[in-house]
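*Asks:* Got a structure for you, written out below as structure tokens; questions coming shortly.
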Amino acid sequence: MAVLPLLLCLLPLAPASSPPQPATSSPCPRRCRCQTQSLPLSVLCPGAGLLFVPPSLDRRAAELRLADNFIAAVRRRDLANMTGLLHLSLSRNTIRHVAAGAFADLRALRALHLDGNRLTSLGEGQLRGLVNLRHLILSNNQLAALAAGALDDCAETLEDLDLSYNNLEQLPWEALGRLGNVNTLGLDHNLLASVPAGAFSRLHKLARLDMTSNRLTTIPPDPLFSRLPLLARPRGSPASALVLAFGGNPLHCNCELVWLRRLAREDDLEACASPPALGGRYFWAVGEEEFVCEPPVVTHRSPPLAVPAGRPAALRCRAVGDPEPRVRWVSPQGRLLGNSSRARAFPNGTLELLVTEPEDGGTFTCIAANAAGEATAAVELTVGPPPPPQLANSTSCDPPRDGEPDALTPPSAASASAKVADTVAPTDRGVQVTEHGATAALVQWPDQRPVPGIRMYQIQYNSSADDILVYRMIPADSRSFLLTDLASGRTYDLCVLAVYEDSATGLTATRPVGCARFSTEPALRPCAAPHAPFLGGTMIIALGGVIVASVLVFIFVLLLRYKVHGVQPPGKAKATAPVSSVCSQTNGALGPVPSAPAPEPAAPRAHTVVQLDCEPWGPSHEPAGP
């Protein structure tokens with residue numbers, strides 16, 4: 001009993017004499033090596049055959065290496081709460097997907113290696129939270145798209161960006177221009193075809209720019225390039241020098257690259273791909289005088305165009321030059337035209353006015369410009385009065401009033417023009433439809449001598465079954481036309497118009513000649529031919545029947561012959577078989593009996609038996625004397 005009070009007295013002193021216990025640490029993932037004995041903590045799992053990020057990671061780790069594994073995705077929870085992580089390597093895995101916000105807790109991360117994976121795009125939320133990131137390695141992926149806001153959180157801190165060996169055709173150049181602290185920018189081995197002017201003008205700390213092996217035909221001058229000496233190789237170059245690499249591009253060596261040719265550079269492997277005269281030559285061996293451009297030349301423009309108000313109009317202008325000229329349009333009022341609610345400008349030099357107005361009439365100017373100069377061409381557009389209102393699916397056959405010829409509707413507006421109506425009645429202008437059959441009809445109209453300057457006639461018609469208007473252009477000297485390919489058993493509405501040149505306005509106009517309605521005859525329905533399989537089956541059955549009948553007849557004949565020539569009862573001879581007795585009297589002496597003449601050979605008979613009854617020869621049978 002005396003021991004218990006002693007233990008109670010010593011119990012308060014026990015914690016003071018025990019050493020402090022370290023904080024509990026997570027177990028090291030299988031096949032990984034963990035450094036947890038001293039700071040900084042690290043988890044090293046290279047080549048461990050991992051299929052996903054281990055869930056038992058020590059969240060206090062400052063370095064995590066998961067390279068050379070088979071990780072296919074990075075989920076939101078995989079790296080959660082790793083606020084002290086400084087270096088993360090996910091190189092050479094099979095990562096196809098990175099969840100939005102997967103790195104949101106890695107606010108202290110300095111380096112992120114995602115090279116050698118299978119990423120196809122990088123969105124705005126996938127790199128969110130990396131506010132201290134300095135090195136971002138995305139090379140050797142399959143990136144085809146980079147979102148404009150993908151680098152927003154690390155734009156002010158990023159120093160090294162590697163996008164090489166991807167499938168990038170376009171880049172968010174405005175976003176790249178905000179990387180003010182970037183030192184190295186790797187864009188090599190992509191599919192970039194152009195770089196906008198001034199794309200690198202704000203990258204004041206840029207020391208190396210690699211654009212090797214892209215599809216660049218030209219490199220625009222940039223203030224950054226003119227401010228720093230360019231050297232092909234960094235060896236021996238000053239610290240402030242910019243290293244620019246652009247070999248392996250199909251450079252078009254014309255006057256746009258003279259600025260680059262004038263810069264002092266060490267030996268490099270750039271070569272010209274075009275024009276043909278310079279193709280394959282070493283870039284730095286081509287003299288400056290050979291970097292020439294050709295001024296633009298307008299090769300095609302639209303002829304004077306006349307359209308009624310409210311209709312669309314298309315103005316075209318084509319030009320050639322080196323480099324390819326850019327075509328712009330100037331309105332008759334002197335305004336530079338572009339895409340708007342009423343007009344659309346296309347890169348090929350076409351200007352489309354969606355709805356023309358009277359004030360649009362005048363001279364439009366086409367301007368083709370390139371680095372060597374510019375060329376202009378004028379296109380006249382006349383906007384006439386709007387056409388008279390037309391009923392739906394109808395074409396008026398009334399003649400226009402004097403001095404108001406209706407403008408010829410352009411083919412592009414044919415669907416919006418007046419159509420032949422279902423209620424058109426034959427007029428008194430002499431348009432007749434004769435000799436109409438099931439699929440053809442002959443149209444005749446009188447001579448239009450009162451209308452001068454007729455260029456051609458136009459026949460337009462449609463059937464009662466559809467609203468598609470069909471046009472036929474007829475020479476001016478014709479007075480009839482045979483319509484073919486008509487549908488049988490349908491009613492057609494038809495109008496004939498005279499196309500002529502109006503002397504007052506100089507425009508092409510139309511005047512109705514007349515309209516008519518006719519019906520095609522119904523087609524005779526031919527007898528349906530028997531189906532081929534049916535014919536084949538019938539022939540087989542008939543042939544089989546003939547064969548069976550022949551066999552039956554043959555068997556019947558055999559049976560009949562057997563019955564007629566069959567075996568007779570014994571003791572009777574056939575009546576039809578004459579037999580001469582061989583027992584005859586020959587002058588009372590025995591001698592050889594002459595045989596009867598041999599009968600003519602008869603048809604073979606099966607199993608024919610002939611029995612002859614011969615009485616014994618003796619004295620009692622001698623014939624009586626005379």
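Using N, Cα and C of the backbone, Cβ positions are placed for all residues, glycine too.
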*Asks:* Swiss-Prot annotation N-linked glycosylation site: which of Asn348, Asn462 has it?
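*Replies:* Per Swiss-Prot, the residue annotated as N-linked glycosylation site is Asn348.
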*Asks:* For Cys366, what is the disulfide-bonded cysteine listed in Swiss-Prot, choosing from Cys293, Cys317?
*Replies:* Cys317
*Asks:* Using the alpha carbons only, what distance in Å do you get between Asn339 (N-linked glycosylation site) and Asn348 (N-linked glycosylation site) once rounded?
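*Replies:* Approximately 14 Å lies between the Cα of Asn339 (N-linked glycosylation site) and that of Asn348 (N-linked glycosylation site).
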*Asks:* What residues elsewhere in the chain lie close to the repeat 'LRR 4' (157-178), defined as a C-beta under 8 angstroms and at least 6 residues from its ends?
*Replies:* 115, 131-151, 184-193, 195-196, 198-203, 210
*Asks:* With Cβ-Cβ distances below 8 Å as the criterion, list the same-chain residues six or more beyond the ends of the domain 'LRRNT' (19-59) that contact it, or say none.
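*Replies:* Non-local partners: 65-75, 78-79, 81-82, 86.
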*Asks:* To see if you understand the setup: which same-chain residues, six or more apart in sequence, place their Cβ under 8 Å from that of Asn348 (N-linked glycosylation site)?
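*Replies:* Asn348 (N-linked glycosylation site) has long-range Cβ partners Arg318, Val327.
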*Asks:* Counting by DSSP, what is the helix, strand and coil composition of the repeat 'LRR 4' (157-178)?
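*Replies:* Its residues divide into 4 helix, 3 strand, 15 coil.
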*Asks:* With every protein chain in view, how many other Cβ atoms are within 10 Å of the Cβ of Asn339 (N-linked glycosylation site)?
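*Replies:* For Asn339 (N-linked glycosylation site), the count of other Cβ atoms within 10 Å is 10.
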*Asks:* State the mean pLDDT for the domain 'Fibronectin type-III 1' (308-395).
*Replies:* 85
